[in-house]
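A.B. asks: Dropping the structure in here first, questions after.
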Amino acid sequence: MNNKLFLRNKQHINLGTIGHVDHGKTTLTTAISYLLNLQGLSKKYNYSDIDSAPEEKIRGITINTTHIEYETLTKHCAHIDCPGHSDYIKNMIIGATQMDIAILVISIIDGIMPQTYEHLLLIKQIGIKNIIIFLNKEDLCDDVELIDFIKLEVNELLIKYNFDLNYIHILTGSALNVINIIQKNKDYELIKSNIWIQKLNNLIQIIDNIIIPTRKINDYFLMSIEDVFSITGRGTVVTGKIEQGCINLNDEIEILKFEKSSPNLTTVIGLEMFKKQLTQAQSGDNVGILLRNIQKKDIKRGMILATPNKLKVYKSFIAETYILTKEEGGRHKPFNIGYKPQFFIRTVDVTGEIKNIYLNENVQKVAIPGDKITLHIELKHYIVLTLNMKFSIREGGKTIGAGIITEIKN
């Protein structure tokens, strides 16, 4: 872990780019860093810095979520660039669970595509209210009516999924044009009046002006583990976004695993955010936590770090659930009691079995796409569950439902 200290002089937020494959998410992330770099607020990240895995470079798509850091005038930003390809939607869900603001990128040339629907539904289910819709590749379209039609179509989709339009911003622009302009002229004063630069500055200004809800700093500490790795000679580091509370160096915390046994107690011996050391991390921070006497093989993504004696693990619960229709990208056919899809809860995905189906308190044999029903679900293994927690249901590479936990069974 690094020796440089993290300076907390601006509000820290987590935001990210989502959307269909090849609509320009990574290009937009690159363009934002280029423009802020000219203004002295960010390191410049090239496309290759963000799509860093060998397979990503070969295929030209983002597979894993990538985190980069930059500052605006009022905020310190952790930017998560999420994959758009349907094969890697699991990684997108993990990235989206960390966001305060989602930037949904839509190509004006292609319009709304299958992953656009799915990503919107997922961020709604995760609970992200603040959304910036960036209609990209405007330079390739001279049909004003087409742009207006796509705006209308997006608006109708947001209303359909019950988004609060007071928290939605719809912008147009060209991320690639911004990059090309800056590569040719690195004097910000000479290019700041360019229409494409102005359009991207509008997006950055919206990020600056969005008010992030008060963090749950005074609650007990809770973090869902996103990743784990070892540092030779130091120990095991777990990463993730702190959901609530604070954590300090030398604090004792517990690891809640996927089994009903006594949690592992450990001590925090290092805290880091974007390669800078912290003495304290708080709700909303994306951190790496160095743990004492813990081996990498004993930690899995989706396990929970928490203040001791605050949480328990369960595997059975009741949930109010909506089953997506075929038109929404869901199942084409009903499912029965005994159906075993995947459940995505925080950063974990786990198989679960439908034990019972209820409609208006009456037991049903089947659930039909489009139904709003109550399900009794039993997971394959134990995880930390809390009331009112939201989750997604997936099968065969697509989202088929979404729900909220209303009762936890011992």
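Using N, Cα and C of the backbone, Cβ positions are placed for all residues, glycine too.
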A.B. asks: According to Swiss-Prot, which listed range is region 'G1': 19-26, 259-266?
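C.D. replies: So the range that Swiss-Prot calls region 'G1' is 19-26.
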A.B. asks: If I take the alpha carbons of Thr26 (Mg(2+) binding site) and Gly19 (GTP binding site), what is the distance between them in whole Å?
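C.D. replies: For Thr26 (Mg(2+) binding site) versus Gly19 (GTP binding site), the Cα atoms are 10 Å apart.
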A.B. asks: I'd like the Cβ neighbour count for Thr26 (Mg(2+) binding site), meaning other Cβ atoms within 10 Å of its Cβ, all protein chains included.
C.D. replies: 27
A.B. asks: Looking at the binding-site residues Asp22, Glu138, which one has the fewest other Cβ atoms within 10 Å of its own Cβ?
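C.D. replies: Each of the binding-site residues Asp22, Glu138 was scored; lowest Cβ tally within 10 Å is Asp22.
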A.B. asks: Pull the DSSP breakdown for the region 'G1' (19-26) and write it out as helix, strand, coil residue counts.
C.D. replies: 2 helix, 0 strand, 6 coil
A.B. asks: Across all chains shown, how many C-beta atoms besides its own are within 10 angstroms of the C-beta of Gly19 (GTP binding site)?
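C.D. replies: I count 27 other Cβ atoms within 10 Å of it.
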A.B. asks: Note down the number of other Cβ atoms within 10 Å of the Cβ of Lys25 (GTP binding site), including every protein chain shown.
C.D. replies: 27
